[in-house]
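Features of the protein shown, as given by Swiss-Prot:
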type     : residues : note
CARBOHYD : 2        : N-linked glycosylation site
TRANSMEM : 34-51    : transmembrane segment
TRANSMEM : 70-90    : transmembrane segment
TRANSMEM : 111-131  : transmembrane segment
TRANSMEM : 137-156  : transmembrane segment
TRANSMEM : 159-179  : transmembrane segment
TRANSMEM : 197-217  : transmembrane segment
TRANSMEM : 232-252  : transmembrane segment
């Protein structure tokens, strides 16, 4: 196991965190993510059915608080993990930043790695607001939530290579995305270009994810990266499907609407 630990000032809760207990718990309980996913899917179909004949709920204030909470969490996660990844990348190179496993057990990053994985369960709550407010629920939304939850819990238990990249990227994108959601829910008018930027960031994240998987597979053949073929296959399928779905969403939401508007004019 390659170890490269960046010394950062730790908060007390980061010092007290026991990563060994966390990893053991996930090894014993990761399959519960399937139960959460099943309950989530049941809520989606059951909730939409119940709301068919009911008036929508506004829930503006709860939505602001929800989005703001996730934005703050993601910002802290990005601020605490990005310096680690940047340090490894600049001092040890790309290969070490991908293959290094100390992200899971390092003084600061260990807490945020586990917090990231656990956060994928409460993030399912995003959909509750969509259902109760009777907004359009697209396939990408719930498919993304379910698969990220399953893959995150499945991968954390094995401390697979590439995890530092995956988690840090997601923290960064979510920091911007949930901040945008909070502003919109609070009634602020935000430029359409900002929403386009977020989607482009997500598309870029998926491309980088595919590249990381390729690198892990290549270096794994030489015993330099800790992972296994099954994980890489699932991860690659997941990132490729995200890439296709987010590209389709970008075209439908921004390019397609603009083209239709011009034809009408």
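Glycine too: its Cβ is placed from the backbone N, Cα and C atoms.
Recorded stretches compared: 137-156, 159-179, 197-217, 232-252; the one with the most Cβ pairs under 8 Å to the transmembrane segment (70-90) is 159-179. Annotation: stretch 111-131 has the most Cβ pairs under 8 Å to the transmembrane segment (137-156), among 34-51, 111-131, 197-217, 232-252. A Cβ distance under 8 Å defines the sequence-distant neighbours of the transmembrane segment (34-51), meaning residues of its chain 6+ beyond its ends; these are 121, 124, 127-128, 131-132, 134, 137, 142, 145-146, 149-150.
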